[in-house]
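Here is what TrEMBL records for this protein:
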type	residues	note
REPEAT	45-77	repeat 'ANK'
REPEAT	78-110	repeat 'ANK'
REPEAT	157-189	repeat 'ANK'
REPEAT	194-226	repeat 'ANK'
Amino acid sequence: MGQSLSCSATHDRALFTAVQQGDLQILSSLLEAHPSLLHQTTLYDRHSALHLAAANGQIQILSRLLDGSVNPDVLNRQKQTPLMLAAMHGNIACVEKLLEAGANVLMFDTVYGRTCLHYAAYYGHSSCLKAILSSAQSSPVAASWGFARFVNVRDGKGATPLHLAARQRRSECVHILLDSGALVCASTGGYGCSGSTPLHLAARGGSLDCIRELLAWGGDRLQRDASGRIPYMVALKHKHGACASLLNPTSAEPLVWPSPLKFISELNPEAKALLEQALMDANREREKNILKGSSYSVSSPSHSDGVADNMSECDLIFAG
């Protein structure tokens with residue numbers, strides 16, 4: 001019996017190695033000889049072969065596994081789906097294949113209570129974000145939940161994908177979400193300081209590009225969080241001077257994108273992009289006037305990576 005268990009463990013290791021390395025020939029041979037391997041998982045995290053393929057971007061392996069009737073929504077120990085892992089790692093081909101196979105975009109994990117949309121936004125993978133949003137418009141989610149509700153889905157601490165994208169300085173994702181109907185002034189529950197809007201979180205992260213987008217879509221500079229702080233105070237607290245200048249309620253109001261107007265939604269993409277660019281250019285001119293004479297640059301911080309998801313800023317109450 002001990003020898004049988006040893007052989008089984010050897011086959012498992014061989015399978016997972018083949019998946020991670022993208023060795024389709026070895027994978028096919030193993031599954032042909034031992035079909036039950038298709039349902040094996042790693043010892044601790046309970047990752048299936050599909051999870052490993054999605055996380056490592058092995059699209060051929062992933063396709064082979066899905067062709068073998070593997071459940072696209074198989075869960076690991078933390079109730080994460082392969083789609084979540086593919087979105088985390090920005091593996092767009094795997095994301096698209098899983099969506100095509102019917103993967104459920106409305107699954108919540110037990111880490112933060114997040115969906116694949118949260119993870120695509122948090123890690124800044126705009127192509128994955130677009131694919132998930134596009135799928136949601138034509139999936140059962142649209143009928144059962146409604147697309148607008150999905151775009152604004154909250155995690156276990158009350159954060160929407162827009163909150164996460166703003167906090168992580170993912171300006172492209174911020175734009176995509178706003179253009180898809182994300183609520184620009186939604187408040188968080190327990191994420192960050194209670195009652196934070198995306199603008200508060202962008203001020204905390206120090207991203208001028210995110211702040212520009214949020215203001216252009218109607219972000220409220222005067223909205224307060226549960227501690228009574230407006231975004232301007234948050235930017236000052238964390239020494240983001242240029243951000244604070246744009247968020248200062250006494251500075252000129254930014255031009256706002258007229259998204260609710262019917263004619264805007266009917267514009268073709270090229271015309272819409274031109275209008276959006278014109279608005280952003282006008283707001284940049286406004287920024288130059290606001291920042292004129294100060295030591296602050298109007299360029300954005302050059303952070304390629306996000307920030308740690310350690311939201312303890314409520315412990316640092318703004319003084320003054």
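Glycine is no exception: its Cβ is also placed from the backbone N, Cα and C atoms.
From a predicted model like this one, the values you see are computed outputs, not experimental measurements.
Counting residues 6+ beyond its ends, the repeat 'ANK' (157-189) has Cβ neighbours under 8 Å at 112-113, 117-118, 120-126, 129-130, 133, 147-148, 151, 195-199, 201-202, 204-207, 209-210, 212-214, 217-220, 223, 225, 259, 300-301, 303, 306-307, 311 in the same chain. Assigned with DSSP, the residues of the repeat 'ANK' (45-77) fall into helix, strand and coil as follows: 17 helix, 1 strand, 15 coil. DSSP places the residues of the repeat 'ANK' (78-110) in helix, strand and coil in these numbers: 17 helix, 0 strand, 16 coil.
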